[in-house]
Ligand code: NAD
């Protein structure tokens, strides 16, 4: 498919062809569980970006005029192909990202759901009309695509995040240049291969591999009308500001610190099961992962049950049975997290469970055992920053107001959850929690493709979120027609 030789050097996909990048440098793509190099990814240049944008610009001239139902039919076919390749796609994710097969299988499903949503383009792209805005005068609104859209994606969801973007963008009549994460680039080539098989014309979807130069090439390019970005907070802010300064439409989804409030009346067993899976699944490398638990009241029963469950967690490579705790993406990231753990100790947090010890025998992969700090205060570094790792902070408070205050204090506002049976606590939480995606007794309240993925504060830069009606509005511009009929 995408390979040049035994070492599997990935190619770019431009104008319907696999092409060599003009890059002089390649990066290793490493299996996080084994440390093996499984592919090499070119660090493409701005020239490569220019070629891909030109191909997308040319393709846009005809693609914009393809009737919307015809565009939707390609997405129906794509849906079938993705479904047929569900297991293969999940295995590829495990190989390059390291997450457990079950998680990867679920990710593929979430990606397929985005294609399902985009297949509704004929309904989604409908405009609005009003006859009689004045005597003998009517108004109509039509939607049009923007042109070439650039998509820049993170390592942690190599399938779902690209599928948040390009299916809806192209269904709306845009053409697309995707820059996948250089740490998990393999799946993107499979996605574009299947999209071509589904009947997408040349140039509608292009892939340029690489790092900063490709990102800068896209956000500075005068022929790129809009940028969809998902990644860490500093990069999201940079991409947002730079793209906006160039007059582009931009949505930049960013980092997170998601608080889960455990009320005294919560079902301990269920809350623990949800928190364990949310915190330690995918090694905590999810933007909707629980990373801070607010324990309301002297609930030592909950804390003990949480620690006991963490002790029972199975750690290993993603293809092993019953594994929940998988490696983090790179050795350097593991080192950074170890630094955060030291910082937590220095700043006075109590290490309830030290996951560092369990990993001594697992030298090859980037493993880190489940780590839990207790008595964390909101001004500590581990409470403020996104660690993106299997490290959990427990914060203590006497009431719900205290928990809501912790959420307000966080610069991030992606998600938050409450565990309780108390309807008034639920309502107060719903009204006052300062985050865009809330869970009521739900561990990972990530939204489905037909709703916006709705982070707040420093978890999102822009106006229109990905997915749902926001996604359609982001990828289309509106034209108003006012007609007089007494002429
Ligand atoms: P990252 O910011 O390192 O990389 C994201 C993309 O930006 C990659 O394609 C990368 O090549 C590029 N990039 C990185 N540094 C750059 C720079 N200095 N200049 C230009 N481009 C650069 O993010 P990651 O580590 O791959 O992904 C994890 C992050 O993504 C976490 O912070 C997570 O919370 C966030 N994320 C957020 C959401 C959300 O919906 N809010 C979803 C998934 C992931």
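A Cβ is built for glycine as well, from the same backbone N, Cα and C atoms used for every other residue.
Pulled from TrEMBL, these are the features on record:
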- 287: active site, nucleophile (ACT_SITE)
- 155, 179, 182, 183, 386: NAD(+) binding site (BINDING)
- 18-481: domain 'Aldehyde dehydrogenase' (DOMAIN)
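Recorded features from TrEMBL, shown on the structure.
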{"residue": "155", "record": "NAD(+) binding site", "Cβ neighbours (10 Å)": "22"}
{"residue": "179", "record": "NAD(+) binding site", "Cβ neighbours (10 Å)": "29"}
{"residue": "182", "record": "NAD(+) binding site", "Cβ neighbours (10 Å)": "21"}
{"residue": "183", "record": "NAD(+) binding site", "Cβ neighbours (10 Å)": "21"}
{"residue": "287", "record": "active site, nucleophile", "Cβ neighbours (10 Å)": "26"}
{"residue": "386", "record": "NAD(+) binding site", "Cβ neighbours (10 Å)": "22"}
- Query: In terms of DSSP three-state secondary structure, what is the assignment for residue 386 (NAD(+) binding site)?
  - Reply: coil
- Can you tell me how far the Cα of residue 386 (NAD(+) binding site) sits from the Cα of residue 287 (active site, nucleophile), in Å? 9
- Of the binding-site residues listed as 155, 179, 182, 183, the one whose CA lies nearest the CA of residue 287 (active site, nucleophile): 155
- Item | Maximum Cα-Cα separation (Å), residues 155, 179, 182, 183, 386 listed as binding NAD(+) | 23
